[in-house]
Amino acid sequence: MIFVSFLSSFSKPLTMALSNSSWRLLQPSFFLMGIPGLEESQHWIAMPLSVLYLFAVMGNVTIIFIIWTDPSLHQPMYLFLAMLSGIDLVLASSTAPKTLAVLLVHAHEIGYTVCLTQMFFIHAFSSMESGVLVAMALDRYVAICHPLHHSTILHPGIIGRIGMAVLVRGLLLLLPFPILLQRLIFCQATVIGHAYCEHMAVVKLACSETTVNRAYGLAVALLVVGLDVMAIGISYAFILQTVLKVPGGEARLKAFSTCGSHICVILIFYVPGIFSFLTHRFGHHVPHHVHVLLATLYLLVPPALNPLVYGVKTQQIRQRVLRVFSLKGWI
């Protein structure tokens, strides 16, 4: 009897330890709540999100096709725009299908590996988009401040290297996210109060020490956004200085108009992104469903609006789009 009691007392902590170990080994699925607090309205919320995703796919595929097939558009500004459209396609497609599945058909479950993969793609390609916006600011700086040397400074070889640097930076900086998450122990509920696998939302579920994950996430966000916004600001400071020296109001307006599309895209990308980041980290009084909506829109609105901004404000793109659709007999 004493022996049985001893085995019982020994087996209980052993079972708990094994269950914790098996949690890490088996890596069970997570449960995506969607938009907490708005469960009754999720079908209606999914409709505008579906429209945004449709616009993102159609618009960015159209931009890439037009630039790819028209040799006259193989210039730095349009090549960077093609990169931006490609990144937007991946970003929107990494988020929207699963989010819409959660909201429309209640497909809440997502596998551990799939969740980490989605999280990596979302954050890595957001970093890449920020890098391409810096490259586009550099292109505007060279085009306005050094117009005679624009084609020699930003030749195809340099553009390819810039694109590769943006890609490698995004991959290297964000690869530690899923690696660091794999060392965490998830011994509590696996319910993510989000519509997709967001880094901090997953980190908060862990019952082990998460200081390294939180510190690295904050460092990457500050490094990417801080340095990129600083680089864009410096580029436009030089552009403003050069434009103000140009005689004649019409010439200045024309110089500024070449930057209009890029400035709109910068505002569309950074303003909601920074607001979402700040509310997630420090906005404890902001309702959770507001944060989730903002975070979801942040990943879908820029990919949907960027092609429209460049299509409306860039004459060359607008003319090619109208020509393609007129040839197909759609207009």
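Sequential numbering from 1, following the chain as shown.
Glycine too: its Cβ is placed from the backbone N, Cα and C atoms.
Source: prediction; values computed, not measured.
According to TrEMBL, the protein has these features:
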{"type": "TRANSMEM", "residues": "41-66", "note": "transmembrane segment"}
{"type": "DOMAIN", "residues": "59-310", "note": "domain 'G-protein coupled receptors family 1 profile'"}
{"type": "TRANSMEM", "residues": "78-96", "note": "transmembrane segment"}
{"type": "TRANSMEM", "residues": "116-138", "note": "transmembrane segment"}
{"type": "TRANSMEM", "residues": "158-181", "note": "transmembrane segment"}
{"type": "TRANSMEM", "residues": "215-239", "note": "transmembrane segment"}
{"type": "TRANSMEM", "residues": "259-278", "note": "transmembrane segment"}
{"type": "TRANSMEM", "residues": "290-310", "note": "transmembrane segment"}
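If you count C-beta pairs under 8 angstroms between the transmembrane segment (116-138) and each of 78-96, 158-181, 215-239, 259-278, 290-310, the highest count goes to 158-181. Against the transmembrane segment (158-181), the recorded stretches 41-66, 78-96, 259-278, 290-310 differ in Cβ pairs under 8 Å, and the greatest number is found for 78-96. Long-range contacts of the transmembrane segment (259-278) within the same chain, counting only residues at least 6 positions beyond its ends with a Cβ under 8 Å from a Cβ of the stretch, are 84, 126, 129-130, 133, 136-137, 140, 144, 221, 225, 229, 232, 236, 239, 291, 294-295, 297-298, 301-302, 305-306, 309-310, 313-314. Here the domain 'G-protein coupled receptors family 1 profile' (59-310) has a mean pLDDT of 87 out of 100.
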